[in-house]
Amino acid sequence: MLKRADTAPATAPADANASREAALSASIGADSSAARGTGRRVRRVGAVLAGAVVVLFIARVVLGSPVVYLDQLAQILAGETVPGLSFIVLEHRLPAASVGAMAGAALGLSGTVFQTLLRNPLASPDVIGVGYGAATAAVTGMLAFGLAGPLLSAVAFAGGLVVALFVYFMADSGKHTGGRFILIGIGVAAMLQAVLNYLLTRTDVRAAGDALHWLVGSLSSSTWERAGTILLSLVVLVPLTALAVSKLKILELGDDAASGLGLDVRRTRAALVVLGVALSACTIAVTGPIAFVAFLAGPLARLLAGRTNFACSAFVGAALVLAADFAGANLFGDISLPAGVITGALGAPFLLWLLVRSNKQGMGG
Amino acid sequence: MTETLRSRDAGPRPAVPASGRTAPPKRVDVSRAVVVGLVLAAGVVVLAGLSLAVGARATSLPVVWDALVDFDPANTDHVVIHTRIPRTVTGIVVGAALALAGAAMQGITRNPLADPGILGLNAGAALAVVLGIHLFGIGTVTGYIWFAFAGAAFSAVVIYLVASLGREGATPVKLALAGAALAAGLMSVMHAILLMDQAALDGFRFWQVGVLGARSLSDVATLLPFFAAGALLVFASTRLFNALALGDDAATGLGVRVGRGRITAGLGVVLLAGGGTALAGPIAFLGLVIPHAIRLLTGADYRSLMPLSVLAGPVLLLGADVLGRIILPPSEVQVGVMTAVIGAPVFIWLIRTRKQVTL
């Protein structure tokens, strides 16, 4: 029962987003059969990705030690108590998988918003300091004021937003986009990292270990309460993002054309930045910054679907986090590594590869 | 591309006219450089004195002088001052090494935003040191140093290869992004190790903020040959840097062996930055800020830029260290945090003064 209550919302907003996307692409780009062809491809890829998310979700819940057989899972979900398994499934694996799927989807959306807005596949909240802003605020709250729960989420969101707006205004992003935004973001991130390191030296080693565990990005401390926090944020943010994304398509025509069509360019950009920050900050507050998911989801989805698609990005993000968490929990014997370590270690080579590839095309950062 | 790079380079340097792209670097204004050099040298002396005097137990400069010339073991002030000597010497050596490394990196990459911290060299050295602590239980500087060198060299090679492939060469954004990406990936691996090994975390968290006080004079002495070799390699490349500022093609035309020169100078940078990181932990932004400040004062010619950077680095590092001791009493803010907090605004200002950063 709990499972049904949870998995449905985890994928439903993205589904709604997908149909809205499809309707949108039909209304804007339906001038040729080629466009309809890519539309079909996007839908097909989207369906496959959604299937992959479901499979990974179930795998995360049943596999591991101990293994839960599907009939046992059905019993547990039907409300029966299976000794030794019920607690693990209901209080540990299900919340972790739910949080992972939702956090991944939110990060994927957030990254794609920034990448499309700044017209650069390399611009993601990881790179431009938003993650560090949220993390610094949250660690300060944790270590200095002992915050936890929703208040911690609010603090992380505020931190991410302050940094994003600071970078945005320092880069004059109403007028310029792209390179300057990224560079200033990297500078701010480097400074915040020093502040974070400083905070880690101000406590005893156990608290520092806890803070580090959170800083790496992990699903292991997920609870239903935290899943609820993310779900609530997504219910608010996903429809708003879908609305803003339709404006993003007009923005892509160029600033002059967009103003000509009656769009307030500066305000639209600012709204998109706030939404992008909110999407990543609401997950960072719960799981810690899971490295590179926001960065990877967009380009991977684009690789698969042939063009930028927000629903596909969300699915890829969810699949990445679930897969990384699964790998970290099960592939290293007795050692359980947090999801963020896996995504970070694998994401960096991919980013470098992307840099090399965009170099060869002569359009890279 | 060369053109945009040049004109951007010329942005914050009033001494080089933007239109002077094909002109040779302006002659060094020798008297001006000497004056700046003397002022900076005086600054190093004064700040070294302050670094010995200021702290949890504050003393005055005359007492410092007494302690140095006429040491009295029974005088507590004198003893305290003597315990601050290694820290001050470390500050001078590391500040000079990192500033020189930064200037040389900017010369090699012809990139105004190059810095050992931004480009991930520090992260490479840090990961290697963590591996050393975790796998081999290493706890001494002589042990750290080889790991730090290897890590810094690895990062340097990766970053430069990634960023320089393709026809545009290493633009500021590409280099910075490649550095940020590499640093993030290396940090993830590092965090994985630290999460499993609490003892390593306890040692490492104090190293990674960048501190000057943790080393003895013999540690500094161990590393001096490496710094000397690095400085020699870098100073020998002065002509290369000045030629490269005109662009790779022009430099080749001037008879400079560009490829081999970059490798030699790069080796020098790795020795300087890796050694500095092994001594004091990763200190960001110092190598970025100092050369730019010097350019503003005396122009972009590397013949004056590099010696003056060597003097200015210790001024900033000792200043940041002294400031960190008095800003949040009774505790100390580590020098790496201070340089980052001072350096980031300068970095942002540098980006903002450029008319346009191409993608």
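Each residue's number is its place along the chain shown, starting with 1.
Cβ atoms are placed via backbone N, Cα and C, with glycine included.
What TrEMBL annotates here:
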TRANSMEM  A:45-63  transmembrane segment
TRANSMEM  A:94-114  transmembrane segment
TRANSMEM  A:126-145  transmembrane segment
TRANSMEM  A:151-169  transmembrane segment
TRANSMEM  A:181-200  transmembrane segment
TRANSMEM  A:270-298  transmembrane segment
TRANSMEM  A:310-329  transmembrane segment
TRANSMEM  A:335-356  transmembrane segment
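By the Cβ criterion (under 8 Å, sequence separation of 6 or more), the transmembrane segment (A:181-200) is not in contact with the transmembrane segment (A:310-329), since fewer than 3 such pairs are found. If you count C-beta pairs under 8 angstroms between the transmembrane segment (A:151-169) and each of A:45-63, A:94-114, A:270-298, A:310-329, the highest count goes to A:270-298. Within its own chain, the transmembrane segment (A:335-356) has Cβ neighbours under 8 Å at 100, 121-122, 213, 216-220, 287-293, 295-296, 299, 320-321, 324-325, 327-329, 364-365, counting only residues six or more beyond its boundaries. Ranked by number of Cβ pairs under 8 Å to the transmembrane segment (A:126-145), the listed stretches A:45-63, A:94-114, A:270-298, A:310-329 are led by A:270-298.
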